[in-house]
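Trainee: Can you read through this structure? Questions will come right after.
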Amino acid sequence: MAAATAGKTGSARTSGGSTRTPTSTATASGRPVRRLVIVESPSKARKIQPYLGDDYVVESSVGHIRDLPRGAADVPAKYKGESWARLGVDVDNQFSPLYIVTPEKKSTVSDLREALKSVDELLLATDPDREGEAIAWHLLETLKPKVPVRRMVFHEITESAIRAAAENTRELDQNLVDAQETRRILDRLYGYEVSPVLWKKVMPKLSAGRVQSVTTRLVVQRERDRIAFRSAEYWDIAATLDAGAEATPRTFGARLVQVDDARVATGRDFDSLGQLKKASRPSSGDGAGVVVLNEAEARRLADGLQGRDLAVTSVESKPYTRKPYPPFMTSTLQQEAGRKLRFSSERTMRSAQRLYENGYITYMRTDSTTLSDSAIQAARAQARELYGDAFVADKPRQYTRKVKNAQEAHEAIRPAGESFRTPGDIAREVDGDDFRLYELVWQRTIASQMNDARGTTVSVRIGGTAATGESVVFASSGRTITFPGFLKAYVETVDDGSSAQADDAESRLPELTEGQALTAAELNPDGHSTSPPSRFTEPALIKVMEELGIGRPSTYASTIKTILDRGYVWKKGSALVPSWVAFSVVGLMEAHFGQLVDYDFTAEMEDDLDSIASGDDSRVHWLNGFYFGAENRGSEIAKAGGLKKLVGANLEEIDARTINSITMFTDAQDRDVVVRVGRYGPYLERIVDGESQRANLPDELPPDELTEEIAEKLFSVPQEGRKLGTDPETGHEVVVKEGRFGPYVTELLPEPEVPEGAKKKPAKPKPRTGSLLKSMSVETVTLADALKLLSLPRVVGKDPESGDEITAQNGRYGPYLKKGTDSRSLADEEQLFTVTLEEALELYKQPKQRGRGRGAAQPPLRELGEDPSTSKKMVIKDGRFGPYVTDGETNASLRKGDSVEELTDERASELLAERRAKAPAKKTTTTTRRTAAASKSGGTSARSSTAKKTGTSTTKKTTTSRARKTPTN
DNA sequence: CAGTGAGCGAGCTTCCGCTTGACTT
């Protein structure tokens, strides 16, 4: 049963009005009080049960049990006709949400109801965070318990903590529940209002959302930076200096850092576009500034320094200490498993889930780095045992963190238990991914309780004067680690493509003193070029998501899966590359929904949710601002007039053609080279002599590799398809191609010879073409198939009465016969080649019929009874769009979940009633209205705006903007 | 991105977060 509630009632109070705390231990009859405890996770329930004993029954909700309906199919009949049914939120009535028990949770809910029957009290022990509070409230609303209810919270799963939590319960925090509900509704409104804009303007089935859209934007922006990047070259001198025979090591490396008063530029002086940063330019007033050496200068200097005296001008020694890293939380685990083990975040989470369920590690979806006291003791004990006292930190280390949106409902991820099993201990039980991940968690946890690594860093500067007069300074630094501390147990891996040094890397310098003379064993001019910012890997992207506070531990992996599934991003090795569609979508969002893809949007939302949780703001007030707008307060989107207005205005204003055109650069003739995102994938276009020139873009070409050079190459490749062979009759080559209307075969005609003295080129003859039949595919079509297709239309014969020729051909709506302007559909494609004149004439004898099968009317799939409301006989028929029920006047498609065999008369009647409610007008008016609507949406759709037909039906704005654009194209 | 003649039941796609099995290949 779908439990629907529109809006909250006063029943959201716990303990049924009772205020007794702590709860009593016995019933009036003297029997011990039995309590049902509901947690979120089944394995947590198993773990807690023994701590609480026989008077408690511990069950789990397995996450959320109710949610907004996913789509129309989930909406209970009662609300189907409502204007807000699509959203599942009654925006005009206090944003009342419609909650239904999630289909897969129905059995969980009935199990919980059953368990509730035998207890005297209910303890809602869901996680101590916003979502957990909401789950508790949903349980209360759904189970409607008759017994007292209390909220139980704990942050640690130990016997004492659990027992204490059971004794110190509280009431449900309605404000916190409100904050969660606000978050849920905001996400629904954002996702379900903005996604349809993308369907109309870019492509069907695309999606937008608070988390995925910003994440996609990050990847697109990085690619844009890479495209804009221009590599810069800078030089310095790498010297090998000799400290004399006594020194160890005798020689060491140093680099030129200064010439006269100017600092020699290094990679850090260049920005993300590869250009010298403003602050580093000589004109910035920063002393004598920075000098970028070129090759000639570097060589000249190196030559001028040959054999010159060098001397140590300063030696600076500083202690090096490095603190251990905090224990893992979800994001850092995914990052390190990605870097060290090369696991995708999904693979990491799958493995972690197994380890958790089998009792090897603590809960794996957490944003906390906190360890329980017993875990700290266990880690210290094990570190002591393995590495000795000196390696264990003097005092227990606790890692608190203040990170955006942290809810900290769980512990850090660590080995489970009061004492840890070493990887060796579990090697027999666990292998593969799970073993390697456990080892990682174990090492990191142990290391977190160990001592700092200590050592020394030494910075040396060496001066000299070149024969040509310049004074130069070389620099060198060394790091020695005298006490490795935690590094002995665990070293974090450095990101791919990062210039950072691992924490345990050492480099030794000899003992040097100020004034000490040195000689240069080698002076090598050294050229460098700046490199573009590297692409995101999954771990790197998750790190940024976490820093921006977008997404939650339970969703990092699934968000990445979503943007992969939608085709916004694809993987090249471990790098994430944005698709051209992503460029279109992000471009649209930035231009028209800028507030929604602002990197700070979630952070601001979290602040606002906090004020709802603290009671300073209300759910309805906030949502009103977000959806309907508010002038003086609230988010940027509220000031912009609210989401609803924005979506409406943008549907009219956004020009699909502009959105789906990504101008890359201008070619040598100053023509814009544009990537167009079309229905059949992206292609390149430019206007040459007033004509559009197009080229296919290879699927595997990352946007930043589309250089001018490559573009020229692509343009020069003829639009060729797969060659099938040569037509023996004409000698023309036959190819199969993907076209605007799907796959087709065509012949390649030889270039016509231009007769001498001819002023104009002769008109090009048109090649024969033919769409593939349904039974054929681009991959498997043969030359024989192609020749058959090219032989169409086939002359079937002449109508003896009129003398008109009857032909069989393949058209827009499939195979058909044509006689003048009169046509008849053929039942199957094979008939194109086999139908005889007699059969054709037989077909023409029958009047043109709609919905006909092979001449006879299609029998219904199933007969139903009479519609109780109209007393009309109902039948189920099969149509173009699948089975539908009809009473002769109204037709209604069967929905998801309806089956032809099991459809009841009641359900059929309901479907018909719904259909009637939607289109109450009479036939004629319905037709005109539908036509109008169709041409309107056609005018704004990406697909049609590129097709010729819509020229007349495009909106004024589209037309003007296209007209304006034409000259530049 | 090829160009080829109808008339007609469309309905669905999509969000973020919280949790695991029960399905089939």
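A Cβ is built for glycine as well, from the same backbone N, Cα and C atoms used for every other residue.
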Trainee: Quick test of your reading of TrEMBL: among A:165-170, A:207-212, A:501-506, A:777-782, where does it put region 'Interaction with DNA'?
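Mentor: Spelled out, TrEMBL records region 'Interaction with DNA' over residues A:207-212, not the other listed ranges.
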Trainee: Any idea which of A:1-33, A:793-825 is down as region 'Disordered' in TrEMBL?
Mentor: A:1-33
Trainee: Take the region 'Interaction with DNA' (A:207-212) and find every residue of the same chain, 6 or more past its ends, with a Cβ under 8 Å from one of its Cβ atoms.
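Mentor: 186-187, 190-191, 194-195, 197-198, 545, 550-551, 555, 559, 562-563, 566, 568, 585, 589, 593, 596, 601-602, 605.
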Trainee: Spatially, and counting Cα to Cα, which of the recorded sites is closest to A:ARG184 (site 'Interaction with DNA')? Options: A:TYR192, A:TRP199, A:ARG365.
Mentor: A:TYR192
Trainee: Out of A:HIS64, A:ARG365, which of the recorded sites is least crowded by other Cβ atoms within 10 Å?
Mentor: A:HIS64
Trainee: Using a 10 Å radius around its CB, how many other CB atoms surround A:TRP199 (site 'Interaction with DNA')?
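Mentor: A:TRP199 (site 'Interaction with DNA'): 14 neighbouring Cβ atoms within 10 Å.
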Trainee: Just give me the nearest neighbour of A:ARG566 (site 'Interaction with DNA') among the recorded sites A:HIS64, A:TYR192, A:TRP199, A:ARG365, Cα to Cα.
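Mentor: Nearest listed residue in space: A:TRP199.
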Trainee: I need the CA-to-CA distance for A:TYR192 (site 'Interaction with DNA') versus A:ARG365 (site 'Interaction with DNA'), whole Å please.
Mentor: 27
Trainee: Long-range same-chain neighbours of A:ASP187 (site 'Interaction with DNA'), Cβ under 8 Å, sequence gap at least 6?
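Mentor: Result: A:GLY209, A:ARG210.
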Trainee: Let me know the model's mean pLDDT on the region 'Interaction with DNA' (A:207-212).
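Mentor: In the predicted model, the region 'Interaction with DNA' (A:207-212) has a mean pLDDT of 98.
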